[in-house]
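One structure is given here, and the rest of the page talks about it.
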Amino acid sequence: MTRLTRDQMRGKAQTVLGLIDPAELGSTLMHEHLIWNITPPPQRSNPPPPSELDLQQWWNLATSEIKVESNTTQLDVGVATRAAAEVVQKGGRTIVELTIGGLMPDPNGLAQVSRDSGAQIVMGSGHYVHDYQDPANANRSLEELAQEMVDQIQLGAWGTDVRAGLLGEIGCQWPWTDLEKKMLHAACLAQQETGAALTIHPARHQDHPWMLVEFLRAHGADLSRTIIDHIDRTIFDDDRLFRLADAGVVLEWDLFGQESCYYAPNIDIDMPNDAQRLRDIRKLIERGHGDQIVISQDICHTAHMTEFGGWGYAHIYKKVLPLARRRGFTEAELNKIMVETPRRLLTFI
Ligand SMILES: [Zn+2]
């Protein structure tokens, strides 16, 4: 394995098949999972179950009302390839795949999916939330964790020579744990070292994104190259939303397709539907933040895939963009969200 230098990477984007001219990225989904295991580690069977579902239970599975391992585990390269091909068929070019430490990342599997589907795939790096991490991470130093992420970008990830194209999704729980803070600090150092974008899974608490902003500032992160994920299930008022936007971070609505207000992981909140997501995005555009918005579907349940009766990875192309156009979004605005901002973020500086 050879290490790519920062000079070799600067001005380029990196997919699982290698460095590319960022102009080739095209329309990009910024937060998906194609091959994953989000079953909590203590509940995982070995070997993992195949991807199959009892469709009579589809609604309960799609809303996470019931937990079934074959819904929270998808390790089949063929299933992932068919899903990625749908995106290409509907006009998408690039899928950012954020299955990282704790979620059973499969870099060689993603490279195969990319070759077989024609989709470009940009892979994440680092570790997900505390409860999914290898307990050994608690004893690893800040420098060691930072170097691991640098290596995943410059050298190869998870024992392969497939390289990552950005940092994260770095995971945070509520309450935010010391291990997660160390991991995020390490990601800030890796961002400074590599010039990569950083994407963060915030805790399920409306004040956590602002805590992230303060933490990122204190640790020298580039906020303009940092994405706060899952805004749809985290922020519910304009004050908090505008304050985040004013701080300069990129805001990501990545649960498009989830149309039910019932959100099993936190039933204290009203999950917005796609129309409400578009209204929040509209508000930010009117306020001048049109270049700080990205969208995606964060599919990580088999019930959400078309092959198992769900809306699938092309939902944004099939339903959301047409809806947005009917609601008055211009092509220039949508191009910023789908093409220009992802390209800016995925280009190493
Ligand atoms: Zn995710």
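Including glycine, each Cβ sits where the backbone N, Cα and C put it.
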Listed co-binder of divalent metal cation 2 (same site as Glu169, His201, source TrEMBL) among His130, His185, His219, His230: His230
Site of maximum Cβ density within 10 Å, from binding-site residues Glu169, Asp298: Glu169
Other CB atoms within 10 A, centred on His33 (divalent metal cation 1 binding site): 26
Site with most surrounding Cβ atoms, counting all protein chains shown within 10 Å, from the binding-site residues His31, His201, His230: His31
Non-site residues, in chain order, whose CB comes within 8 A of the mean position of the CB atoms of Glu169, His201, His230 at divalent metal cation 2: His31, Leu98, Gly168, Ile170, Gly171, Thr199, Ile200, Pro202, Asp229, Asp254, Asp298
Binding-site residues whose CB lies under 6 angstroms from ligand 1, from Glu169, His230, Asp298: Glu169, Asp298
Rounded inter-Cα distance in Å - His33 (divalent metal cation 1 binding site), His230 (divalent metal cation 2 binding site): 14
Other residues, Cβ within 8 Å of His31, His33, Glu169, Asp298 Cβ centroid (divalent metal cation 1 site): Glu32, Val96, Leu98, His201, Asp229, Asp254, Ser296, Ile299, Cys300
